[in-house]
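Asks: I have a structure here, written as structure tokens, and I will follow up with some questions on it.
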Amino acid sequence: MDLFYVFLFVGLVLFTVLIQFRSGSEELIPASAVTDVDELKRFRVFRSNYLMVFCLMMAGDWLQGPYIYALYEHYGYTVGDIGHFFIMGFGSSMVFGTIVGALADIIGRRNASLAYVATYCLSCVTKHSSRYWVLMLGRMLGGISTSLLFSVFESWLVAEHNRRGFSEALLADTFSKSVFLGAGLVAILSGLAGNVLVEDLKLGPVAPFDAAIVVMLAGGALVLSTWPENYGDPNSHRSLISQLALGMEAIRTDPRIALLGAMQSMFEASMYTFVFLWTPALSPNGEKIPHGLVFSCFMTACMAGSAATSILVRRYPPQKYMGSMYCASALTLGVPLFFHMERREPGFGGSSLVDNGAGGISISGKLQLLAFCGFEACIGIFWPSMMALRARYVPEELRSTIINIFRVPLNLFVCVVLYKVSHFPLSAMFGVCVGMLLACMLCQSHLNSLTLDEKQELPVTQGNMGEPLKRSGLPVNRASVIRAATHHGERAS
């Protein structure tokens, strides 16, 4: 194996430790944000409880991701069949996920969190069957579960944080730590645990799914015993249709919410496209790459980004740096666009630049891998910062509803990409990603112009529906694309 991977991983680990140490050595928040020591102690207990639950739920998700494709192959399904399974997951998240997101605001976020545990556990149980329609049902349940994972826990946190009277400055810090732990450290540990179960203990490809059931049930027990219920609006008795209609109306009438939705959808669409494309981008001529180590590099870079966010949010509101983050993201994905544009090997140093012909990573592959790690660091900044912006501008009554409406264009785009990805060269796909990220930068600039007069430290959004709302290269082979997505983990299906 090329030592470049090892040096890169060690360097990323050291850099992440340095950033995290710097973050932890600073004062948690400005002194003005905490009224007394008892409040800070209460907050730390509250935050620890939430982070424990969130990490258990994320572990259940991460345990499954690397083995979805392998399990379907083990059962003898073709690449086309596996593609249909994945399309079902994203399509289910787009259709049914939107409905359950709206229900979460009506029936309560605690209940919806328990529904996440139930649906995902059922999805894991279906993996014991090799029948096509049983597995397809499992993918449908998995899509619903993922929509709940990325909406109801955040919604519960924001509502409960505000109900307990904690400062808004503390909320962004919680988001940053949840991404650092849940999307970074837990992902790496889950990958190692899955490898032990499958490779070392020889328990078979279903073992990680059974382990996921155990950790999610543990998280559900913690929710059941420690979380109080909260609702979008406990005094409202809206129907599901009216809840969805109000969510759409809020997006239509408040440009700030619409801009947030556009940025979320386009950035996540770029992220999932990257998940599909990084393997063929790094090995366009069949070079061998250690997917597990590359995955660890990506997750470590993501952790570094989230740790850096802990420092950023103590100095600036997210609006101040999100535009620069989108610009940096576009530049990182512009690197593979450059190398795969028209496959211009002769004009850039010959084959040594594009393919070393020895099965190791090429020079262009190394440069692209560095750029991909930079993009992962941007993802680590994006998640907690976008959560903080949603906490400011999205109405409390409609939080889960609107978050899942935002995911509709994302899931639609991913379904199209997954179905048609083999029809387009890498340069075209990365070009689309760069275009969407630059559009995100323009949206952020427009959002900043709309919020110049708003106080950054306080929730400020007013509803527009009659009353104030509470805020708080080579064509890509489809088989390699789907396999690359599962190595990275199922972030959305």
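Here the Cβ of each residue, glycine as well, is placed from N, Cα and C on the backbone.
Because the structure is a prediction, the values reported are computed rather than measured.
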Asks: According to TrEMBL, which listed range is transmembrane segment: 6-23, 258-275?
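Replies: Among 6-23, 258-275, the range TrEMBL annotates as transmembrane segment is 6-23.
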Asks: Give residue numbers and ranges for long-range contacts of the transmembrane segment (6-23): same chain, 6 or more residues beyond its ends, CB-CB under 8 A.
Replies: 180, 293, 296-297, 300-301, 303-304, 307-308, 310-311, 369-370, 373
Asks: Under a Cβ pair cut-off of under 8 Å, which of the recorded stretches 82-107, 179-197, 209-228, 325-341, 369-389 contacts the transmembrane segment (50-70) most often?
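Replies: Ranked by Cβ pairs under 8 Å, first place goes to 209-228.
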Asks: For the transmembrane segment (82-107), give me same-chain residues lying six or more residues beyond its boundaries with a C-beta closer than 8 angstroms to one of its C-beta atoms, as numbers and ranges.
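Replies: Residues packing against the transmembrane segment (82-107) from afar: 68-69, 72-73, 115, 135-136, 139-144, 146-148, 151-152, 155, 231-233, 238, 240, 243-244, 247, 397-401, 403-405, 407-408, 410-412, 414-415, 418-419, 478-479, 482, 485, 490, 492-493.
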